[in-house]
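Here is what TrEMBL says about this protein:
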{"type": "DOMAIN", "residues": "D:7-114", "note": "domain 'Dihydroneopterin aldolase MtpD C-terminal'"}
{"type": "BINDING", "residues": "D:GLU15, D:MET111", "note": "substrate binding site"}
Protein chains: 4
Amino acid sequence: MADSTPTEAEAACFEAGIKFGSLYHQFAGTPLSLESAASLETAIEESIENQPHCAGVTVEIQREELEAELAESSADYTELTGRFLEVEIVVDYEGREVVTRMAMEDGYPLMKLESVRDTT
Amino acid sequence: MADSTPTEAEAACFEAGIKFGSLYHQFAGTPLSLESAASLETAIEESIENQPHCAGVTVEIQREELEAELAESSADYTELTGRFLEVEIVVDYEGREVVTRMAMEDGYPLMKLESVRDTT
Amino acid sequence: MADSTPTEAEAACFEAGIKFGSLYHQFAGTPLSLESAASLETAIEESIENQPHCAGVTVEIQREELEAELAESSADYTELTGRFLEVEIVVDYEGREVVTRMAMEDGYPLMKLESVRDTT
Amino acid sequence: MADSTPTEAEAACFEAGIKFGSLYHQFAGTPLSLESAASLETAIEESIENQPHCAGVTVEIQREELEAELAESSADYTELTGRFLEVEIVVDYEGREVVTRMAMEDGYPLMKLESVRDTT
């Protein structure tokens, strides 16, 4: 029977997933306008970077998507959702560096594991 | 039978309540440290100010409370909760100005309606 | 100078607003399918009914809207948002009964104060 | 230079992490009492099971912890937080089964990767 104990690299990937799920479900639904987008980006980055093993978070709220949605609407704000988000998160766990990214794919905000490297 | 149609002042108070409930339940649970407190304050203020009839939001994350909690903990961050929050929200609805405040009272984050004024 | 002390009825309306903001921003973003809609309705109702002065919460996730959205999508679930929600909340505060409702209006989830009655 | 392309097992662990982060940050802060605990457990399980590759979610809100907290409080409800949660999530991704668990450890809600197995 094969050993089922997780490797360091697998644990690093688990940690990266936690950050993504946290980021999305903490902040989805936040009232969002062109004026408030920059402060929300910064707050999301700095809050998620507090989490253990988180080496860096970059959040880019897509201004063109946001402008397009607001142009069609009678309101001057909307809610943060995956459609407006591009995110990169780098996790460093016991010498394993994991790079992950979220962006829209086929109308669905896809979270992707990009690379796993041993940096020891 | 008495008329049950809400007055402008009552509608203004309803709007103020919406902002408070939104603010608290959108952001409670956000990972929080001394380093990230300032950016979170700004993002909360600017995002809730997007909501209709919201004339001003002031958020003060209580640094002493936060320091005290982190000093007792093995982690270097915690989660945003009512214990760390002082908030003032001013709503202006059809010429009625409502001032509301949240602060701790007996260990519970109390949201209070402070004043309702006709500014027409 | 006019007195700006809130009336009981105004405080009741403030409480009703808090419940609405809480409900929406706590649960918006929850993964949602036709199978999980019923349990989410019940959990939203029972959790918000815990809040002070809350006499009753009725949540109806709009199955037709949900089916229509899922039919257009490659995924078999979506996220809870205002488009799928009809909500009624009744607050009873110091003998004032406030009835509030949320439903879509012009593509925006509108929260409305319906009636304020003195039941003393 | 080593290949940094993620393995299937690593991708499975990333997916498991996403579910955990989502679960926690979607539902932390929900108003919670002994009466509403059961419906919240069911709603959390069924909503997270909607997410891709999620083979099973078990949520147990710790009634004893909850009773103890409410006994010390003047309120008859509190907010859902890690202190009250025991969670198991099983992910099945391309024939890799990942078992993960969350429980309190040293006063902090620890999310742990328990096992990763090849079931092909």
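The backbone N, Cα and C atoms fix where each Cβ goes, and this holds for glycine too.
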**Request:** Report the mean pLDDT of the predicted model across the domain 'Dihydroneopterin aldolase MtpD C-terminal' (D:7-114), rounded to a whole number.
**Result:** 95
**Prompt:** So, in DSSP terms, is D:GLU15 (substrate binding site) helix, strand, or coil?
**Reply:** helix
**Request:** By DSSP assignment, list the helix, strand and coil residue numbers for the domain 'Dihydroneopterin aldolase MtpD C-terminal' (D:7-114), in that order.
**Result:** 44 helix, 38 strand, 26 coil
